[in-house]
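Q: Straight out of Swiss-Prot:
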SIGNAL    1-22  signal peptide
SITE      Glu35  site 'Involved in actin-binding'
CARBOHYD  Asn40  N-linked glycosylation site
SITE      Val89  site 'Involved in actin-binding'
ACT_SITE  Glu100  active site
DISULFID  Cys123-Cys126  disulfide bond
CARBOHYD  Asn128  N-linked glycosylation site
ACT_SITE  His156  active site
DISULFID  Cys195-Cys231  disulfide bond
Amino acid sequence: MRYTGLMGTLLTLVNLLQLAGTLRIAAFNIRTFGETKMSNATLSVYFVKILSRYDIAVIQEVRDSHLVAVGKLLDELNRDKPDTYRYVVSEPLGRKSYKEQYLFVYRPDQVSILDSYQYDDGCEPCGNDTFSREPAIVKFFSPYTEVQEFAIVPLHAAPTEAVSEIDALYDVYLDVWQKWGLEDIMFMGDFNAGCSYVTSSQWSSIRLRTSPIFQWLIPDSADTTVTSTHCAYDRIVVAGALLQAAVVPNSAVPFDFQAEYGLSNQLAEAISDHYPVEVTLRKI
């Protein structure tokens, strides 16, 4: 028994050391995240529990133009230790009255923000813009990872325009490269990249998929939905030799918080209809 206990302790220490030696990044579509959800004590506990797993988390479907819910979320994330997390948030995005924001929360002791910008996808009033919610792009610096500078490009694609919007991320890649001279770019979010929104015959028309520049880390067979559907809507795609080499093999997965925390269907779906998708990067 003593031997078994010692081995268990050693395995735990090894796991902790492995975790400490990585940077964990996630994208999480929290369905209709705003004041109502954040005011629910039960839901807020799970938002904090889930997001605390990550060094960087990109939250989509944020509907909080006055940042009341965002402020409460950061207060809870920083409750035990001030300045554990900081945030940067996009302007409200959308073609009509319905707007969403992209929210990045990150640990300042692990990464810092070097720059950011809103991708210009054309004239919205003219009707020739590309995205329903154009990406808000952030360049991070981490002194501890094998790749020290990298950009994250989030996308919450409109379901009926998923094919064209995912394809247009190739143009975003070129724009980031031209602006910053940076090839190490991570695209992540709810692409609606599966089931009826992107069929098997449509992948050949998506440059982000057909170009050898990009590695798709979440496979088509994955299920990133909380409900009874089985769809790989949420994805992580990486470009750049340094970033691709820094990815820990097999670390890109959906995080099934329902199974992890033993939640009922009702509670899990109240949190969101999507699981986060996550990936880890090696530290030096």
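Easy rule for this one: first residue shown is 1, then count along the chain.
The backbone N, Cα and C atoms fix where each Cβ goes, and this holds for glycine too.
Show me how these features fit into the structure around them.
A: Its own atom aside, the Cβ of Glu35 (site 'Involved in actin-binding') has 14 Cβ atoms within 10 angstroms in the protein chains shown. Glu35 (site 'Involved in actin-binding') carries a helical DSSP state (H, G or I).
Asn40 (N-linked glycosylation site) carries neither a helix nor a strand DSSP state and counts as coil.
Neighbour count (other Cβ atoms within 10 Å of the Cβ, all protein chains): 17 for Val89 (site 'Involved in actin-binding').
The Cβ of Glu100 (active site) has 21 neighbouring Cβ atoms from other residues within 10 Å, across all protein chains displayed. Following the DSSP three-state reduction, the secondary structure of Glu100 (active site) is strand.
Cβ environment of Cys126 (disulfide bond): no same-chain residue six or more positions apart lies under 8 Å away.
Taking Cβ-Cβ distances under 8 Å and a sequence separation of 6 or more, the neighbours of Asn128 (N-linked glycosylation site) in its chain are Gly122.
Long-range neighbours of His156 (active site) (same chain, six or more residues apart, CB within less than 8 Å of its CB): Asn29, Gln60, Glu61, Glu100, Tyr102, Ser132, Arg133, Gly189, Asp190.
Of all the Cβ atoms in the protein chains shown, 15 others lie within 10 Å of the Cβ of Cys195 (disulfide bond).
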Q: For a quick check of packing: other C-beta atoms within 10 Å of the C-beta of Asn40 (N-linked glycosylation site), how many?
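A: Its Cβ shell of radius 10 Å holds 14 other Cβ atoms.
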Q: Please name the residue among the disulfide-bonded residues Cys123, Cys231 whose C-beta has the most neighbouring C-beta atoms within 10 angstroms.
A: Cys231
Q: Three states by DSSP: which one describes Val89 (site 'Involved in actin-binding')?
A: strand
